[in-house]
């Protein structure tokens, strides 16, 4: 689950980090009032969306008066912002953040952390190249990114943070401020179950103060049951409507741009299914994993979800029966086909637990379902069914 910038800054501030002061506004009048309340000569108006690249897309503007703040807010709120990280429709802007002017600054740094699956540790990354896309830095100048793996048994140690500060070229009070920032960020990461966080840029002001000018936090969705207050911050308007609906039924769904709908149990099998569809000349319309313990109700909802996509011209159902029985899947498919009034070809491949029984149920149903013997045969048939 992603947080908005203003939410991320509020959370980081509660852990002792110095953040750029700001006020969220949901309409132009609130934006004008926020400018006056901050009391500076300048302010920065930022569209609050779950996407990067806001500046290049016109979602970040410097304003010099409350009237300018009002006008910029009016141009953003209620519109969709399209960035390189969104689809063609963009993300809806329901609010803007009015943030204090912290410039001029002497340096812009980068600080972030992720759960590194290869090392199975929280890994911090820092760089002197703040204020730019960190992916570009990693690609063009990987030597400029410092990495620190954190031993989960002892946590991030002050000496590790000091070492990073030295390598970033900080000095004097800046070192202590950076250590406090990094240790506070780690504490927030662990206690709030972050999956990722970024401060870009982490600015060093002329007076030596270190300030978080931006903040990005992604929370581990599997841990949200432990954080009801954080869950309350969820902005569903920023999420794909189909993916949101899928999550409500415990389905793992990702929309793609093809025309062959896929329903599979197991993420690995789902990826293999998409690969073989591509191999046979087709294009998958989605990734959809109904899970190893799929129920009849979940399969029916998955079928509806696939067919809600008007681009879907054929469907491939690929089920390996382990925990889930193929005969139960077959009954759910029949029920779903009847309920949804399917008008596109449906290819079904069943293997494993009660596969023969499931195949017989489908054959006796009288429905125009296309049976497949093996994964290659299924991919070949679903691609050919498109004509």
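Easy rule for this one: first residue shown is 1, then count along the chain.
Quick reminder: no glycine exception, Cβ is built from N, Cα and C everywhere.
Feature annotations, reproduced from Swiss-Prot:
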- 46, 53, 54, 55, 100, 103, 108: ATP binding site (BINDING)
- 200, 214: Mg(2+) binding site (BINDING)
- 265, 322, 323, 324: substrate binding site (BINDING)
- 9-245: domain 'ATP-grasp' (DOMAIN)
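Taking 200, 323, 324 as the binding-site residues under consideration, the smallest Cα distance to residue 108 (ATP binding site) is found for 200. Across the domain 'ATP-grasp' (9-245), mean pLDDT in this model comes to 94. Highest Cβ count within 10 Å among the binding-site residues 200, 265: 265. Listed binding-site residues: 100, 108, 214; maximum Cβ neighbour count within 10 Å falls on 214.
Take the Cα of residue 53 (ATP binding site) and measure to each of the binding-site residues 200, 322, 324: the nearest one is 200. A separation of roughly 44 Å, to the nearest angstrom, links the Cα atoms of residue 324 (substrate binding site) and residue 54 (ATP binding site). Taking CA atoms as the reference points, residue 214 (Mg(2+) binding site) and residue 103 (ATP binding site) are 13 Å apart. Neighbours of residue 103 (ATP binding site), defined as other CB atoms within 10 A of its CB across all chains, total 13.
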